[in-house]
Amino acid sequence: MMARNTDMRWRLPLVCLLWELAMIILFGVFVRFNAESDIAGWEKAKQEKNITSDAENDFYFRYPSFQDVHVMIFVGFGFLMTFLQRYGFGAVAFNFLLAAFGIQWALLVQGWFHTFENGKILIGVESMIGADFCVGSVCIAFGAVLGKISPVQLLIMTLFQVTLFSVNEYILLDLLHVKDAGGSMTIHTFGAYFGLVVTAILYRPNLEQTKDKQGSVYHSDLFSMIGTLFLWMYWPSFNSAISDHGDAQHRAAINTYCSLAACVLTTVAFSSLLQKKGKLNMVHIQNATLAGGVAVGTAAEMMLTAYGSLIVGFICGIVSTIGFVYFTPFLESKLRIQDTCGIHNLHGMPGLIGGIVGAVTAAAATEGVYGKEGLIRAFDFTGDFSHRTPSVQGGFQAAGIAVSLGMALAGGAIVGGILKLPFFGDPTDENCFEDNVYWEVPGDEESSLYCMNDSNAKPVTDP
Amino acid sequence: MMARNTDMRWRLPLVCLLWELAMIILFGVFVRFNAESDIAGWEKAKQEKNITSDAENDFYFRYPSFQDVHVMIFVGFGFLMTFLQRYGFGAVAFNFLLAAFGIQWALLVQGWFHTFENGKILIGVESMIGADFCVGSVCIAFGAVLGKISPVQLLIMTLFQVTLFSVNEYILLDLLHVKDAGGSMTIHTFGAYFGLVVTAILYRPNLEQTKDKQGSVYHSDLFSMIGTLFLWMYWPSFNSAISDHGDAQHRAAINTYCSLAACVLTTVAFSSLLQKKGKLNMVHIQNATLAGGVAVGTAAEMMLTAYGSLIVGFICGIVSTIGFVYFTPFLESKLRIQDTCGIHNLHGMPGLIGGIVGAVTAAAATEGVYGKEGLIRAFDFTGDFSHRTPSVQGGFQAAGIAVSLGMALAGGAIVGGILKLPFFGDPTDENCFEDNVYWEVPGDEESSLYCMNDSNAKPVTDP
Amino acid sequence: MMARNTDMRWRLPLVCLLWELAMIILFGVFVRFNAESDIAGWEKAKQEKNITSDAENDFYFRYPSFQDVHVMIFVGFGFLMTFLQRYGFGAVAFNFLLAAFGIQWALLVQGWFHTFENGKILIGVESMIGADFCVGSVCIAFGAVLGKISPVQLLIMTLFQVTLFSVNEYILLDLLHVKDAGGSMTIHTFGAYFGLVVTAILYRPNLEQTKDKQGSVYHSDLFSMIGTLFLWMYWPSFNSAISDHGDAQHRAAINTYCSLAACVLTTVAFSSLLQKKGKLNMVHIQNATLAGGVAVGTAAEMMLTAYGSLIVGFICGIVSTIGFVYFTPFLESKLRIQDTCGIHNLHGMPGLIGGIVGAVTAAAATEGVYGKEGLIRAFDFTGDFSHRTPSVQGGFQAAGIAVSLGMALAGGAIVGGILKLPFFGDPTDENCFEDNVYWEVPGDEESSLYCMNDSNAKPVTDP
């Protein structure tokens, strides 16, 4: 393989500066405060809707959940990926970069689809949650290509994926009128299969030689657990963040709490069962314990019930752990899909399960459980959709899974093809999973760092 | 000592899977959403109680506090215990495991005692806080036996301790009608003395030989500070999480904030005073700074006042730091109590002080300070308890300390005896405080890891 | 240079204990709960103001933001400063100490200025936020002298700086009637220039010899990113924490979110642009990405708009990164200002920019945008200030910058002079940036620790 030029000096600044300038111009033209964050607008809304208390501002219903989601995107995903012994800077900081760009672009694209009025996009706290959600799907896809692409490639992937995410979301939520508050379909299924197709197209046949660097060291596994735990703890906020005020947010949090708890036990069980001598594997604890949150993403706000949630978590801990032990090696050797973080196990399969659970839960909804008003309220059976029945809704939910999967596969193929273009500065195979390529790493000139890594590691000389 | 079999391959999966299945069945039979999280129930409750705003749903009063408590249990306790140089995986992940199981079992047992109606347990956000609280007492006890028991033993301890916690809590809160919003008695006193008795019964005479591993390394002390700080910062949420809406939650947060701040200063003072050359000790900073939060657990929601809280924090920083320097070695050498994390100093003594402070504060309550209505409201002097006076309440509070202590000692003795049974796979003495026994540790086959530990450490060969 | 006595054994405990006793006495004399946290007071307030719901208690409007701010002060600033390879204990624990003392003293001093009624200071959730804000300015100044002063010096600096902060804040907010919700002027400008003057006065000519220790190691940079991310994520809460209920808090969060996002992209761009081979520098990512939050501190609650915020963030990422590359070395070599953390780049310049942005935004306010009522509400043009116009307000805002700067320079000079007194136990030049001086460091007696540091590090022998 020819030595490539990984010098980012002109390419990365150019992309960052030009795109940020574009954001400023587009925000200037399009983005305005919505009625609840505008000084004159809130005054007017209070009068018109006869609101007597500022506590009715949507900010107070959603801001604590927004902050939890924000932590999941930046600390959760960022630190979860620091498990690699020599890619901690790239994991946490490239995730930071992609998310910071992604939320701006998502505010625009989602705004055009959802809150576009009189030529203006109106934003509020729900827009910020939506933007963070959208970026979550890019963080997931980043997990598949972690350590193998340049920051410029990452920004390009973000640009396209945010756009496609928003199109897919619009089809599901608006056209198919599907419920997906925690994003099993729109975020996890879409993000995971998109990323898997991209990494398949960027297949690197000689990645074996960096096998050492694909492992962790003791303290990098602890850093990764910071990410795991913040994702796990705040997932109830994630799945309830954009549900309706009142009982729906309340219920979504409880269901997610239950599913995640069950998932931890089956993950531990199968991690021990599948390893020789019954020793636990940190990779499973870091990842598979979260699958329960993914898989109640669609149904959490429905009347899934606590025991229904436990069953979903139970199954997903098993599926996800088995995935790490058997599917990931299979995908790599047979299908040439190199999935660095195992997103297929954490987001792919649990996302599909989540979509199915949502479809079944919707189809099984009855007036006996929801009440007549409750059923209409839970599924928005109003306006054009006032004639829908739960079983029809279940069918549309199932269609939503298929659409998300299709969009992910097609979109991933196109974007993967674009990223293959030879001038984006991706690292050579032997320089994958190595911070040194894009970062000034402290102590590189000396021996200091390497005692923390395995004895085979050698300072990487710049190409 | 005979080599024991620490292979978890069948025992751990069996316990995890069977118990989780039991949870599913019991949740299916018993657990339902309460009125505020049920779609039809909230609709009905709004009509009946003439509620016009979803902001009145208990979710919005308590969910932010719940999330803070959740972080304390999983990141706070989990990372606090990562100070050991070779037990970081076990600390953070076994804490994760016990808490994930414990919250499910606590939802059931606490539900049977507190929210059982028509054969069903009704759960909502307060149930989740209660379950996290209950598990907190197990995390505390885990600190005493950290590094010395197997995950199967830990799960068995959790099962019993959660049950006993709930019985004790029922006696205190319902029968004695005691106030203990932040759990000085129910969580800290009970958890600490329970754990201390368990570790006393599991006494290991030859633990000296692992002395090296009982220490920290530079970065493990920093990981531990993550736990310390999240516990310290969110403790105001802990002590106010289940207080009455309005002024009580507000006041509990302020009192706890003040007590914790004072505690830091006296901890630093005594840490310096008691060490040769006046050098500070990270163990004290990691632990004793938190004692102030423990010790206002009972009285924080009362009119303890800011300066009363400062006094409590002042005393507890001193008591706790002295405990680490003098009591912990004494307990180990004279009473054969090997307290890995020093929970007697952080939870035991401050918990007792907290109970006493609560009793005194309750006994000293007057209509002048609380107002006539306020006094009734603060101590629920209604129904069967409408004839109680503050001084009588003070007496019952004191009785609550004694009951908690008695339950802890008796319960700990029984559970310790059970854990002594020889088939739970606990490590040999020389393998204590060593992740290698139950974990696939990265780089174990090579020399890589050991450069972070002291030079005496040798790879542990599996028995 | 003569060997100094850095033994803290009597000095540090004495200061901590006496000052904490003083706090207890002063709190006992002055501090009481305000109407919303007092049991009788809230009862009365509800009747008088005809409040029907506890949701109207200020606690529920501000407590989630308070907790986010609390995390920023203790974990954010604490961990941000752990980047030094041998000063992690000092960074996180001295920050903990100064903040724990500072918040108590700030409750008093700010209370005397703002909520003093009938001889009593009335405190509530807003007081806690105010105290945390005030301490934030000390954390900033600590960044300039990090590694070079003793804990006793630090406490003395805190005592004076909190006092001066409160005086300055009183002049700005009450006398000049300036708006500064996120503290661009009162917190950042004041804190940064105060710290810079102090470090200039404590100039150490021979600091070159500790050059190794002024750098980071791989994992210390990751610990630092924990601080960075929690600051970055929670900054929207910081800038909105004490804004008016309703639209103002909502808007402040959105503006800050936008500014911070833009700032990340220009930081990455210039970090790559200014380094040879285009490699990114972690110091820039850790710090300059936050400048956007500093610089919308004054204007975030105004109608700055999302694109206005993007522009501010865009500029500050550039200014701050250039500052690290060019200004910091210049300040050190030419002006003898040794700024350990580069606070001039993160808080100094962005703070000034923030003040200017606030003045311009205020001056540009129109009835067309704010509405007639909105304009009065946004700038409190009531009472003595009912005749102010936006352009006059802009002038006063500009005066606020000058006052903050003047107070910082004068105050810093006086306090720096006091800290120069020879009996506070500061380290010798060769012992700067070294935990060993004030801490029991694990493994110091052995070779263990040093494999993590660069090969030149030698155990420091106590002087």
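Each Cβ is built from the backbone N, Cα and C atoms, and glycine gets one as well.
What TrEMBL records for B:54-421 is domain 'Ammonium transporter AmtB-like'.
Residues or ranges marked as transmembrane segment by TrEMBL: B:12-33 (among others).
The transmembrane segment annotation in TrEMBL covers B:69-89 (among others). Listed by sequence, the residues of this chain that lie at least six past the ends of the transmembrane segment (B:69-89) yet keep a Cβ under 8 A from its Cβ atoms are 95-96, 99, 128-129, 132-133, 135-136, 139-140, 142-143, 146-147, 213-217, 220-221, 223-224, 226-228, 230-231, 234-235, 237-238, 241, 282-283, 286-287, 340-341, 433-436, 439, 441, 452-454, 457.
Long-range Cβ contacts of the transmembrane segment (B:96-115) within its own chain (Cβ-Cβ under 8 Å, at least 6 residues beyond either end) map to 16, 19-20, 23, 26-27, 30-31, 34, 73-74, 77-78, 121-123, 127-128, 130-132, 134-135, 138-139, 142, 151, 154-155, 157-159, 162-163, 165-167, 169-170, 174. The transmembrane segment annotation in TrEMBL covers B:96-115 (among others).
TrEMBL lists B:121-147 (among others) with the feature transmembrane segment.
Look at TrEMBL and you will find B:154-173 (among others) tagged as transmembrane segment. Residues 15-16, 19, 94, 97-98, 101-102, 105-106, 109-110, 112-114, 134-135, 137-138, 141-142, 145, 180, 185-187, 190-191, 194, 198, 400, 403-404, 407-408, 411, 414-415, 418-419, 424 of the same chain sit 6 or more residues outside the transmembrane segment (B:154-173) yet have a Cβ under 8 Å from a Cβ within it.
Residues or ranges marked as transmembrane segment in TrEMBL: B:185-203 (among others).
Per TrEMBL, the feature transmembrane segment maps to B:215-234 (among others).
For B:254-274 (among others), the entry in TrEMBL reads transmembrane segment.
Per TrEMBL, the feature transmembrane segment maps to B:281-300 (among others).
Within its own chain, the transmembrane segment (B:306-327) has Cβ neighbours under 8 Å at 254-256, 258-267, 269-271, 274, 281, 283-284, 287-289, 291-292, 294-296, 299-300, 342, 344-346, 349-350, 353-354, 357, 361, counting only residues six or more beyond its boundaries. If you look up TrEMBL, you'll see B:306-327 (among others) marked as transmembrane segment.
Sequence annotations record features per position, and here TrEMBL assigns transmembrane segment to B:398-419 (among others). Panel annotation: around the transmembrane segment (B:398-419), residues 141, 149, 153, 156-157, 160-161, 164, 167-168, 171-172, 176, 178, 180, 185-186, 189-202, 352, 355-356, 359, 426 of the same chain, lying at least six beyond its termini, place a Cβ under 8 Å from a Cβ of the stretch.
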Taking a Cβ cut-off under 8 Å, which residues six or more beyond the ends of the transmembrane segment (B:281-300) line up next to it in the same chain? 80, 83, 179-185, 187-188, 216, 221, 224-225, 227-228, 231-232, 235, 238-240, 243, 251-253, 255-256, 259-264, 267-268, 270-271, 275, 308-309, 312-313, 315-317, 319-321, 323-324, 341-342, 345-347, 349-351, 353-355, 357-359, 361-362, 397
Should anything in the same chain at least six residues away from the transmembrane segment (B:121-147) have a Cβ under 8 Å from its Cβ atoms, list it; otherwise answer none. 30-37, 58-59, 62-63, 65-66, 69-70, 72-73, 77, 80-81, 84, 87, 90-91, 94-95, 98-99, 102-104, 106-112, 114-115, 154, 157-158, 161-162, 165-166, 169, 183, 186-188, 190-192, 194-196, 198-199, 202, 213-214, 241-242, 337-343, 346-347, 412, 432-434
Please work out the mean pLDDT for the residues of the domain 'Ammonium transporter AmtB-like' (B:54-421). 96
